[in-house]
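Novice: Below is a structure I'd like to ask you about.
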Amino acid sequence: MKSKSMCTTVGLIAMCLAGSAAAAGKPLYQTGPALSRSAAATATAEPSLQRVLSSPSTANAQVVQIDAGAVAPAEKLLELQLDGQTITATQAKVDALEGGDSIWYGNLGPRAGTRARTLSGVDPLNSAILVRSGDTVTGTIRYAGKLYRLRPLADGRHVLVQVDEQRMPQEHPAEYSLLPKFDMPNDGRVTAAQASSGSPATIRVLVVATNQAVTAYGGNMQSLVQLAVAEANQGYVNSNVGITLQLARYETTSYAETGNFTTDLQRFRVTNDGYMDSIHTSRNTYTADVGVIVLNNSSYCGLASGIGSTAATAFASVYWDCATGYYSFAHEIGHLQSARHDAATDPSTSPFAYGHGYRYGNSWRTIMAYACPSGCPRLNYWSNPNISYNGVPMGNASTADNQRVLVNTKANIAAFR
């Protein structure tokens, strides 16, 4: 409702200004000048910043001075500088992490995309998820559909990166077409006519990052992993899946990557082969249903061990720069639950004819879908004909209902450990 006061007197003007200041968000960061790709070649550039600037998917980048204290439950509004504009992020919720760290979720813009929200209360094209760990902040920001990443550098600074999603690596190596299919027990509680998420399930994930990935990223890898888990959980909420993904354990490995996704994933998965065998002890100790290895391999975004899984095959790999914002971390776990790509890209009907991701023209796509012909943002949603985005159903009952797949396989995968 508009105010009837025009603040015409000096006193009222002062009061209005004070009220505006009180309503303004706390700045999350102060921006510096935009960086050019040529800056990556300078001898003084920090190595992880060099990699950011030389990445094909970097549309632009700038070093920022972060205020990590802004990522706190008490901060209901944050100010972000994006595209030369001051954008307000409105807090949706805050999750506490061990050690006093936190994850801050919010919506961006005036009224924060009210029309676009579904039952989750979050607009996927205008939202932010920020992970605070000490003096560092790692986050994914979407504004007007554009993808931004906020990440710490090894020298203590932070960088804000706008990502060109059309220049991200290919989804999978050619071996994807040869992946085995595993028939998972299907509890059948969700049929095409139902929108139920069934009983809730908790899936625990062990994440192992190679030292090569940690060095190449240069930031706080554990926070990046926590961000990937938070994004996965937001996607489950958005699509009424009824899964909570828990980070059972994060650790690193000195295993030397081969540069081949299939080889590295096999060595991660197989027991007693002389490669990373200790991770299986960790998996049992920390009761992790699923294992994911984070690699420094920019050839592709990731690879799962199969379409569907057993307790012995529930392992996947992901390139660190695809894990968040592009949702490859959740995407690969989706494969382990029998989810497939969009039907145009991946027409196989095994194990479920309805088990594909969804693309809506050139406007958007869901987590399991490949890029639209002319490019489109990937929304943090699983295909689901019972949920709409801006009035458009996010799937169909015959070929694009990943939610139904995940709901009907979640109890099985959650019982692997």
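From the backbone N, Cα and C atoms, a Cβ is placed for every residue, glycine too.
Copied straight from Swiss-Prot:
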type	residues	note
SIGNAL	1-23	signal peptide
BINDING	HIS331, HIS335, HIS341	Zn(2+) binding site
ACT_SITE	GLU332	active site
Novice: Can you list the residues of the same chain, besides HIS331, HIS335, HIS341, whose Cβ falls within 8 Å of the Zn(2+) site's Cβ centroid?
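Specialist: Once HIS331, HIS335, HIS341 are set aside, the remaining close residues are GLU171, HIS172, ALA304, GLU332, GLY334, ALA339, ARG340, GLY357, ILE367, MET368.
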Novice: Please report the number of other Cβ atoms within 10 Å of the Cβ of HIS341 (Zn(2+) binding site).
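Specialist: There are 24 such Cβ atoms around HIS341 (Zn(2+) binding site).
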Novice: Could you tell me which of these binding-site residues, HIS331, HIS335, has the greatest number of Cβ atoms within 10 Å of its own Cβ?
Specialist: HIS331
Novice: What's the number of neighbouring CB atoms sitting within 10 A of the CB on the residue listed as 'active site'?
Specialist: 26
Novice: Between HIS341 (Zn(2+) binding site) and GLU332 (active site), what is the CA-CA distance rounded to a whole number of Å?
Specialist: 11
